[in-house]
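Undergrad: Here's a structure for you.
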Amino acid sequence: MELVGWLVDKGITSEKQWIQEDQASYISFNAASNSRSQIKAALDNAGKIMSLTKTAPDYLVGQQPVEDISSNRIYKILELNGYDPQYAASVFLGWATKKFGKRNTIWLFGPATTGKTNIAEAIAHTVPFYGCVNWTNENFPFNDCVDKMVIWWEEGKMTAKVVESAKAILGGSKVRVDQKCKSSAQIDPTPVIVTSNTNMCAVIDGNSTTFEHQQPLQDRMFKFELTRRLDHDFGKVTKQEVKDFFRWAKDHVVEVEHEFYVKKGGAKKRPAPSDADISEPKRVRESVAQPSTSDAEASINYADRLARGHSL
């Protein structure tokens, strides 16, 4: 029982994860005569408990407060693209905790090498159970999305055949989906993260593209536009960075606007200039205006000069 509790706390669902987390304990259990059955039973029980009693935030939010978040790769990607990391982090946290109602999806949009897959992959791998949408199989695209903590839709497209089920899943509604070689199964409200460089709000119907579902789809998403390419040595986002980012978000929550486009901003304000930087105001150059002569005075002077000429 103690072993199962430890596996649940660590989010371990396979022998590989167990070895990576604590090799010594795995070897000690594997040395017993009936070790194989014990290990399998412990992992099965832990998996059932996690799927029934745990949610994504239980594994995404770290336990320890984070003092310096500036070196976190998720923080860097968001800041590089002009987003306020604190506001964006609050969007991610609210998304994971299903706080925003039917706006249940984060869409990371942008070209290759901008970090969208880097972020989504790290978040998906941090939770014990995540499902991937297989959009190439229109008959069973959501076959892998049942009983998951996070659903990841990678580089997909929206087709007329799946759009209604997709709207329900993206909006966090319960929906039954067909499964291959099985009866239909229910997908419970699950946070969805989408990564693509195509318009996920345009529905492809054969050779035509329609936009009749654009507004309903936008009402179910937060869209981040990642356009800045990362350096070749930027590196992969780690599980610990994911946990640190969500923990920092929890400790610095701000109010989030329910809008399709996540607002940008948060640029650092320029400091006020010091006294040394303030130069003395330039002195205004004073000019002495010459006295002007009115028209009446000019005519009198002309008449006077004319009279003097005649007298001479």
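Cβ atoms here come from the backbone N, Cα and C positions, even for glycine.
Dumping what Swiss-Prot says about this protein:
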type	residues	note
BINDING	GLY110, PRO111, ALA112, THR113, THR114, GLY115, LYS116, THR117	ATP binding site
DOMAIN	84-239	domain 'SF3 helicase'
REGION	264-301	region 'Disordered'
Undergrad: So how many other Cβ atoms are close to LYS116 (ATP binding site), meaning within 10 Å of its Cβ?
TA: 25
Undergrad: Of all the binding-site residues here, GLY110, PRO111, GLY115, which one's CB has the most other CB atoms within 10 A?
TA: GLY115
Undergrad: If the ATP site is taken as the center of the Cβ atoms of GLY110, PRO111, ALA112, THR113, THR114, GLY115, LYS116, THR117, which further residues of that chain fall within 8 Å of it by their Cβ?
TA: LEU108, ASN118, THR195, ASN197, LEU226, ARG229, LEU230
Undergrad: Of all the binding-site residues given, THR114, THR117, which residue's CB has the most CB neighbours within 10 A?
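TA: For the binding-site residues THR114, THR117, the Cβ with the most other Cβ atoms within 10 Å is THR114.
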Undergrad: Name the residue among the binding-site residues ALA112, THR113 whose Cβ has the smallest number of other Cβ atoms within 10 Å.
TA: ALA112
